[in-house]
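So the structure is just underneath, and the comments pick up after that.
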Amino acid sequence: MAASTMAISSTAMAGTPIKVGSFGEGRITMRKTVGKPKVAASGSPWYGPDRVKYLGPFSGEPPSYLTGEFPGDYGWDTAGLSADPETFAKNRELEVIHSRWAMLGALGCVFPELLSRNGVKFGEAVWFKAGSQIFSEGGLDYLGNPSLIHAQSILAIWACQVVLMGAVEGYRIAGGPLGEVVDPLYPGGSFDPLGLADDPEAFAELKVKELKNGRLAMFSMFGFFVQAIVTGKGPLENLADHIADPVNNNAWAYATNFVPGN
């Protein structure tokens, strides 16, 4: 068995299915799904040692393990969360996935309220109140139209979400009948029907744009949560109130409501 082993370069063959010759009657198949990203264009301002830093020219020297190899690396890690390579890889995946969910969630929080304020009838357009409509006598009608999806069972909705989301996540990680997945973070193939990742340089820049917008969306969702708790209103209604009376409708004014004695 020792004579049959071979040295495999993870950088040269990352993401490539590898078959190693038979050992007796068995066969070993290995598929490395997470490897180093393709090197971006040398002139890109987002990668490499001369990339944009979190404080621009005042950033100082970044940690040695933040080399500008991955998208969204601004050389800032004061807590040392990326020092361990395995933890870094896990956190990268968590950030990308949470960014995508946050972008979808932020759109889902704002868009129904926007439609409602422009004449589209909803049972409840405010994002943190909409789900409770399923417990009402008439149930929950998507877009206020009973001919689309008329939901009356929270268990049925939960089951549908588990099946649909589980199937997509399973394919993203392990592949499926539509093709193999080389990188579970950027599976491509059926997940990229427009071929946006065909050009490596454009793809490298899109990764950065995705993370920048995703980080903004995560902060936005946090703001929506706080607004819902403090004001009991949706994001657009809060925005309209602030524009109408910025002196009395702002974060500082609401924060003083929680000061002892008020």
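Glycine is treated like the rest: Cβ placed from N, Cα and C.
Listed in Swiss-Prot:
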- Trp76, Ser82, Glu95, Arg215: chlorophyll a 1 binding site (BINDING)
- Arg100, Ile149, Leu178: chlorophyll b 2 binding site (BINDING)
- Gln161, Arg172: chlorophyll b 4 binding site (BINDING)
- His242, Ala251: chlorophyll a 6 binding site (BINDING)
- Arg31: N2-acetylarginine (MOD_RES)
- Thr33: phosphothreonine (MOD_RES)
- 96-116: transmembrane segment (TRANSMEM)
- 148-168: transmembrane segment (TRANSMEM)
- 216-236: transmembrane segment (TRANSMEM)
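Features per Swiss-Prot, on structure.
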| residue | record | Cβ contacts under 8 Å, 6 or more apart |
| --- | --- | --- |
| Trp76 | chlorophyll a 1 binding site | Lys53, Tyr54, Ser59, Pro62, Leu66 |
| Ser82 | chlorophyll a 1 binding site | Pro63, Tyr65, Leu66, Phe88, Asn91 |
| Glu95 | chlorophyll a 1 binding site | Gly72, Leu211, Gly214, Arg215 |
| Arg100 | chlorophyll b 2 binding site | Glu210, Gly214 |
| Ile149 | chlorophyll b 2 binding site | Asp141, Tyr142 |
| Gln161 | chlorophyll b 4 binding site | none |
| Arg172 | chlorophyll b 4 binding site | Val181, Pro184, Pro187, Phe191 |
| His242 | chlorophyll a 6 binding site | Asn249, Asn250 |
| Ala251 | chlorophyll a 6 binding site | none |
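In the three-state DSSP classification, Arg100 (chlorophyll b 2 binding site) falls within a helix. Listed in chain order, the extra residues whose Cβ falls within 8 Å of the Cβ center of the chlorophyll a 1 site residues Trp76, Ser82, Glu95, Arg215 are Gly72, Asp73, Tyr74, Asp77, Leu81, Asn91. When secondary structure is read from DSSP and collapsed to three states, Trp76 (chlorophyll a 1 binding site) falls in the coil class.
Among the record's chlorophyll a 1 binders, Trp76, Ser82, Glu95, Arg215, no two C-alpha atoms are more than 17 Å apart, and one pair sits at exactly that spread.
Under the three-state DSSP scheme, Arg172 (chlorophyll b 4 binding site) falls in the helix class. Look at Ser82 (chlorophyll a 1 binding site): DSSP puts it in coil.
Secondary structure at Gln161 (chlorophyll b 4 binding site), taken from DSSP and collapsed to helix, strand or coil, is helix.
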